[in-house]
Amino acid sequence: MEPPEAVSETEPLVKKTLTRSLTIIDDEEYYKEKEFNDQKITVKYAPKVPVFSLKKVMIVLAILFMELCERMAFYGVSANLILFCTSVLKISSIEATNISLVFTGTVYLIPIAGGLIADIWSNRFNVIFGSGAIYICGLFLLLCSAVDYNTFFDGTHYNPSVETRRLYFYFGLVLVAVGTGGIKANVGLFGADQVQDLGMQAVQVFFNWFYWFINTGALLAFSVIAYIQQNVSFTWGYFLAFLAMVVALVVLNLARSYYIYKPSQGSVLITSFKICHQACWRRSPEVKGKRQFFDSARRQCGGDYDNVTVDGVIAVLRVLPIFFFVIIFWTIYAQMETTYFLQGERMDLTAGSLQVPVAMLNVFNGTIVLVLIPVLDRFVYPCFQRFKRPLSNMHRIGIGLLFSACSVFVAGWVELERKKHMGFEQVVGEETFFSSNTTVFLQIPQYVLVGAGEAFTATAGYEFAYTQAPDTMQGLITGLYLASIGLGSYFSTAIIAILELATQGDPWFPDEINDGKAENLYFLFGGLTLVFFLGYLPVAYNYKFKEFAREPEENTAPSPNELSNKVDGATLL
C-alpha cells in the first residue's frame, strides 16, 4: 500500500512523513501515533540536524545560555527590588515589600497563561521570543526609572520627577513579569524537544544542565549585579540586566532555522474545565444506589470524555489539599527577598574593606540546596529505606514545613539581638540606615533553614505531582503546584496588610522596622506555619497514593507532559 502524500509544515525544521500504522518502526527513529482524517497514522519526525552532532550540542547550548541570561536578568531585578524602591523611588518599606511580593507571586501565576498560549495558538519558540521582546521593553523602562539623566546626557535639562520614575518602574515591572512568566512556561520544554530523539537519558541530562545554568545565572545576579546596584549605581545594575536579556534573545535566535518545532497539542487545562462543567451541570446515573460526581462526564454515561481523561481530572483535584498546605512554605520562602532583606539592610554589612550586598545572603540558600539534595538522595533516603522506614513524599513535605518554621523563629531571635546593639549609621545604595553592630552574617542560619526546607518540600512536591497524576495531566498538575508558589507570596502580602491595620497603635512592621516589632511578625509566621503543619498531618495521613500506568521509556521519547513536569521542577530554583 502506498503511503499518503507527505503533509507540508509551516515550521522550518520538522519534516512530517505520514504512513499507515502498520508500518514497521525503526527503533532509532522517533514516531508518534496521531489522528489524521479519522484514521490513526504514524507521524515520523525527521529533524534536519543529525541525532547527535556538534551542531545539536550547539543548538542545546544556545537554549541553555539563553536561560542563564534570562535568570541573570530576572534576579538582577528582584534581588535589590526593595532597596531600589526605598532609596530611589522614595517608596515606604511596607509598600516596597508588597510590591516585591506581588511581583514574585504574579511571575509564578503567569506561566499558566504562557503555556496555554503555546498549547493553543502558537508554538513554544514564538511564545519564548515574543515574551523575551516584552521582557526587554520592561527592563528598558526599569533602566529609564533609574538613570541620572543630567550625568549621562551631559547636563540635559530633562530629569524626570520621582512620580514619573515610578510610572516607568511600575509599567516596566508588569512587562518583566509577563515576559519571564511566558518564558518560564516554555523554555525548558522547548529545550527538551531538541534532544528527545536521543531518548529519555538525554532528556534527563538536559534538565540536569538546565538546572545548573539556572543556578549559575542566579549566582551571577546575586553577586555581581547585586553588588553593582548597591555599591555603584542602579543604572549600571539594570543596564547589565537589560544587556543580559538582549544577549539571551540574540543567542536564542542564532539557531532558529535548526530547532525542532512541535505542533500544538491542545490545552489540558481547557479540557479539565469542560469536564468539571459537565460534572456540575449533568446528573450522574446511580450505580448500586450511589452516584459518582464525575460519572456524568464519562462517555458510557452520556458524557464527552473517556475514563482516562476523567480519572486524570479527579487525580488533580485529589492533590489540591496537599498543595494548599504547601502554600505556607512558599510564604516563608518569600521572606528572603522581602522582610529578611529589610532586616539585613540594618545590620553591619562590612566584610573587611568591602560592603556585602544584602541580596548576596540568598547565595547561602542556593548553596545548601545544591549540597543537600545529593546528600539526601544518595545517603539519607537510602538509609531510611534500609531500616524499612522510607521517607515518603508526605513525610518530606512535612519536614520541610518544620524547617521553614524554624527559619522564621530564628529570624525573630536575630531581630531581637539586632536591636540590642544599635550603634551607627550605614549607607546602603543611596539610603542611610541606623544600623546594628551585629554582623549581617548572623542571618545565614535563617537562609540555610529555608534552603533545607526547600530540599525537602520543593523536591517532594514536584515528585508528588509527577506520580499522582496520569501522563496526560502532569503538565496541568505541575502548573498548579507552581501557582502555589505565587499564592504564597500573595498570602504574605495579605498578612502584612492586615497587621498594618491591626497594629496601628503599636506597629509591628512600620516603614522603619527599627521603630517596630518585626520579631512579632516573624513569630506570627512561625506560628502560622505550625498551624498549617498540624492541619497538614491528618490530610497527609488519610491521603491514598494511587499508581498510574506509565509509557515505557525504552526506545520511546518522553511525552510533552513528562517534560513539563521536569522543566517546572528545574525552573523553581
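Including glycine, each Cβ sits where the backbone N, Cα and C put it.
As recorded in TrEMBL:
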REGION    553-573  region 'Disordered'
TRANSMEM  72-89  transmembrane segment
TRANSMEM  101-121  transmembrane segment
TRANSMEM  127-147  transmembrane segment
TRANSMEM  167-189  transmembrane segment
TRANSMEM  209-228  transmembrane segment
TRANSMEM  235-255  transmembrane segment
TRANSMEM  313-333  transmembrane segment
TRANSMEM  354-376  transmembrane segment
TRANSMEM  396-414  transmembrane segment
TRANSMEM  480-501  transmembrane segment
TRANSMEM  521-541  transmembrane segment
Can you tell me which recorded stretch out of 72-89, 235-255, 313-333, 396-414 has the most Cβ pairs within less than 8 Å of the transmembrane segment (480-501)?
313-333
Give the one range among 101-121, 209-228, 313-333, 521-541 whose Cβ atoms make the most pairs under 8 Å with those of the transmembrane segment (72-89).
209-228
Region pair the transmembrane segment (235-255) / the transmembrane segment (127-147), three or more CB pairs under 8 Å:
yes
Considering pairs 6 or more residues apart, do the transmembrane segment (313-333) and the transmembrane segment (127-147) have at least three CB pairs under 8 Å?
no
